[in-house]
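First up is the structure itself, then whatever we jot down about it.
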2 protein chains.
Amino acid sequence: MNPDITRERENATFNVEKLTHILDGGIEKTKRRREIESLVISDPDFQSEDLNFLSRSERYNAAAKKSAQMILKLREYGISDPEEIYCYKSCVHRGRSEPLDLHLGMFLPTLLNQASPEQVETFFIPAWNLEIIGTYAQTEMGHGTHLRGLETTATYDPATQEFVMNSPTITSIKWWPGGLGKTSNHAIVLAQLHTQGKCHGLHAFIVPLRSMNTHIPLPGVVVGDIGPKFGFDEVDNGYLKLENVRIPRDNMLMKYAKVEADGTYVKPPSAKLTYGTMVFIRSMIVGEAAHALAKSCTIAIRYSSVRHQSEIRPGEPEPQIMDYQTQQYKLFPLLATAYAYKFVGHYMNQVYHRITGDISQGDFSELPELHALSAGLKAFTTWTASAGIEVCRMACGGHGYSRCSALPDIYVNFVATCTYEGENTVMMLQTARFLIKSYRQASAGHQLSGIVSYLNESECRLQPQTVSSRPTVVNINDLASLVEAYKLRAAKLVELAAKSIQQELQKRVSQEDAWNNSAIDLVRASDAHCHYVVVKLFAAKLGEIGDTGVHSVLSTLALLYALQGIQQHSGDFLQTGLLSGPQLSQVSQRLKELLAQLRPNAVALVDAFDYRDEMLNSVLGRYDGNVYEHMFEWARRSPLNKTEVHESYHKYLKPLQAKL
Amino acid sequence: MNPDITRERENATFNVEKLTHILDGGIEKTKRRREIESLVISDPDFQSEDLNFLSRSERYNAAAKKSAQMILKLREYGISDPEEIYCYKSCVHRGRSEPLDLHLGMFLPTLLNQASPEQVETFFIPAWNLEIIGTYAQTEMGHGTHLRGLETTATYDPATQEFVMNSPTITSIKWWPGGLGKTSNHAIVLAQLHTQGKCHGLHAFIVPLRSMNTHIPLPGVVVGDIGPKFGFDEVDNGYLKLENVRIPRDNMLMKYAKVEADGTYVKPPSAKLTYGTMVFIRSMIVGEAAHALAKSCTIAIRYSSVRHQSEIRPGEPEPQIMDYQTQQYKLFPLLATAYAYKFVGHYMNQVYHRITGDISQGDFSELPELHALSAGLKAFTTWTASAGIEVCRMACGGHGYSRCSALPDIYVNFVATCTYEGENTVMMLQTARFLIKSYRQASAGHQLSGIVSYLNESECRLQPQTVSSRPTVVNINDLASLVEAYKLRAAKLVELAAKSIQQELQKRVSQEDAWNNSAIDLVRASDAHCHYVVVKLFAAKLGEIGDTGVHSVLSTLALLYALQGIQQHSGDFLQTGLLSGPQLSQVSQRLKELLAQLRPNAVALVDAFDYRDEMLNSVLGRYDGNVYEHMFEWARRSPLNKTEVHESYHKYLKPLQAKL
């Protein structure tokens, strides 16, 4: 054990294990998670060479091998609770995506939710036994978030009682679905349904892609891998071009909408049902943001405690780089953010489960608000976490740039969340739509409920002119007062966006153009709303914590999170009169004090995330802090070192010397 | 040609070719650059498979091949002007780093600058003919920016007149030098010189690493590749462990310092000489920042003109995504930034060449300021450009995440500049040191010269309390007035940092701790100083432009750049009383107008950067806008598509089906 990191742990002022239990949701959950982790980590079938040393084809191959093993073992061990399956799977693939992700996460659930009872019988058991391996093919080369724009067609032919599936243009080729390129033999394909000469919009169809015997693509099916990406090297994201592929009528998912034998179309009862899944996936992504940032902070903070560099005082030994104020200023607010997002993730998960109960009883009332909030929080947390991972990486200096740090890998795999499941700017504008609607209702005197009810409060709708005349009430040392300030800021920015739309409308532009011409303000309003929610939830979480030591350190983190946000958006707080110039100087001063206060607990706070070395897979983030010897050992295993002299020497350099 | 992009070009209001000449530095330079590009692009020896489809070893191999060809052809064509060599090289390697970079850029120049005439004779010609292939080994595993911390030793043995080279600890292993792992047979090694029982600090030694015949490492030399990194796949960054390696006394570079045969050490005359090289490399990096951002903007803006998505007005066709205000707000300020950095790069290059003339005449007076400025601008531009590349990538939605966009590649290779040649935070603090020194001189009544002379102006040192009482003079539509505002902001933040140090000192902490405890403020001050310089240089450039059309569009860009910076740092401008709240609202409004104003010229402005498709190597950034068919064609060439059925199906999936 590196003595620097031992000393850090000795200086901690709280019980790390207790904080871990809070993060896991209870002592029992910590215990069970650790059991599952040990099960995987000690399993000889799940050992493999460092993925960084493999080609893409080898990485896909290794992932397919692990996925197959994983399915067998989950059944062998009888692990069936969704949370435990998720934990086991994350552990097997070290948090990476894998070829069967869409089979397990989209194909099977979609069958359960949208197939008729007969279809479940036909398809579910073969899919459960992986005879049918499926994916979910929605996105097309030319069409992403805007579902109505999708071009793939399914035309019903009553003569044969079949649908004829086609990709009529190059832009209609299905593009991106995970597992589509090489792994799947079926796909649920989203296509425009045409029957009896009319188009009835998007519906889902089960399309066989490859032979169940040979795995060779079926006639009319052009399928393959879309090529290398920024990350996701283990996944065969694919393309699919359908050329007059005929499927039986029974392959349209018919729980809700139907096409009868003669081609008569029967409408589905309601469209709101798909909201739930979207909320669930987005709340999972918020959890992933917490996770990615927590891992990055663990690596950067542990490394900062063992890395010595430069000098603060001349003649003295090089200090730990964590002693530099600038280093603390990079890392500690991100650590606070990781904690904040952990608690936001918990909250969203709880709310989702509560509301799912309501929905099953026919009560949809809270769904629009949760849907809007989940969209914004997905964007808010993924943007911040992505940028934060890179800050952590660069805070590790040159070694952060090596793949041995694991940080490049965390970044490229996580940053995709900014784009998938709803591009972030589009998400922010969805939240804004709900905020503006709520603002207008409040202005019209309606009483709002839920988290947007602050738009009702009269002090939130003061005129900008009157701001300077009222006393500033924010107490920068009081978290509750800061939550209030964030709330007022959000209210102001929602109002500003609403007014921008109003002003545009006065120029006689259309509603739609007024919206687009105010989009910058709308995104800003959503961002402020989400920021308020995060600060509020972090503050609320503190109320649940009994242990004094843990409560104290988390309070410091929460205050740091809130004050740093104010400093970063100081223009908003000044412009809306919520803070004065001198108060802002106090915020800067207070931030520095908080950094110094957190310094002794930094390593303990990342230890509490409880990532085992096997899960982090980072030479810089090792628990024992013995970084350098392992970096050397890792480098020597690099493929370029398999021979002392690389073939290119004999092929190019040696002949060159002769020619010059 | 895609009709959307044709229409964009028809709508431009200025002559693209004229702007290209300005960017190149004159019509003749444009002509020559294009000649060189054509020479390379049409050369059958420089065609190769898409690097994205190759393994790392194959990429290194392909790069070594190209580098060898390049050396032969440069001599064949007689290209010897450094700028033209740089252009040819960039073109051959499409802007990527390559195995011989350090041989050409560090080993040969260091020989010329630091070797004695006899040493030049011994080493330079073999190195010129690539019998000796060298690198520059400075950084160690445990030591980066802080040169005094380096541990490698060179101990003089007068008995044999040799130096004994050693890596005494694991942290002393040389780590990171490009070309060290596999390519080089020599290295210039920086080591602590010990002679006659005393250590004389860092000196440079030529150390043979590999046999000149077999390329096998020599006894005592442990050398290899440090393993895969975020980017730089073509370069064999290496490690080097020296175990009692003996080199002749003549292998110490002895132009300045010397060790005589008996071991007597002779001191060098001055240490300032190395400043020049650092300034040069950093000014090159600023140019690279402009280049990386310009390429990214070219890709994202062209793609935004041909990509259609969602709807602004219901029922109408999907609009070009460039019509969304949020998309313009992401991309146009970055386009303005790319132009700003191009002009900053030009300026630094000119100043460097002017000052180099002064230095050769013994006049070092301007060097400290330029050195400080180059450090800060390197950090300022590389941080912004790195983040900007990712904004461009994400603005391309899902397809930006594909390697076919080229944006992942631009990012991973460029972002390293934030860390190498001086870690950015360290760079900012170097600039701050100069600013604080200048501030103190100004406070003591000294008249400053050069770019920091604004610290002399009395209105820059008003007390914060008096700010609100004086009239706000900034005219947000006048660039000169905005330059002034940036200047006053910089002055305020320098003052704030100086006061923070003062306050710390009053707490009776040491100078060094006071500095560290004010580091956040110091970085902020440097950032503001650099921002001022960039805005000022952009404004100054406008004065040189005669063509009305070009002048007009560049003026819009400059105003956009200045106003967006104000919006992003609105807290500073409000807190220092430089802008009022209502003025800030006007800034937001004006920004939206500028975005709309730039919209018709966006494609033409990226066309003016004049990147040929072969240089961009991006499916999304194609000049003809025919994105989708080429994306499909690219994907089909992906290695995973070489077989219809991947081997993993037979190995893992098929057997799994039997077991379930």
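Keep in mind that glycine also has a Cβ here, set from the backbone N, Cα and C atoms.
Features reported for this protein in TrEMBL:
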- B:15-133: domain 'Acyl-coenzyme A oxidase N-terminal' (DOMAIN)
- B:136-245: domain 'Acyl-CoA oxidase/dehydrogenase middle' (DOMAIN)
- B:T139, B:G178: FAD binding site (BINDING)
- B:275-436: domain 'Acyl-CoA oxidase C-alpha1' (DOMAIN)
- B:E421: active site, proton acceptor (ACT_SITE)
- B:478-656: domain 'Acyl-CoA oxidase C-terminal' (DOMAIN)
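A map of TrEMBL features onto the structure.
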residue: B:T139; record: FAD binding site; CB count, 10 Å: 20
residue: B:G178; record: FAD binding site; CB count, 10 Å: 25
residue: B:E421; record: active site, proton acceptor; CB count, 10 Å: 18
Any contact between the domain 'Acyl-CoA oxidase C-terminal' (B:478-656) and the domain 'Acyl-coenzyme A oxidase N-terminal' (B:15-133)? By contact I mean 3+ C-beta pairs closer than 8 Å, pairs at least 6 apart along the chain. yes
When C-beta separations to chain A are restricted to under 8 angstroms, which of the recorded positions B:T139, B:G178, B:E421 qualify? B:T139
Here the Cα-Cα span from B:E421 (active site, proton acceptor) to B:T139 (FAD binding site), rounded to a whole number of angstrom, reaches 10
Do you know the DSSP helix, strand and coil residue counts for the domain 'Acyl-coenzyme A oxidase N-terminal' (B:15-133)? 89 helix, 0 strand, 30 coil
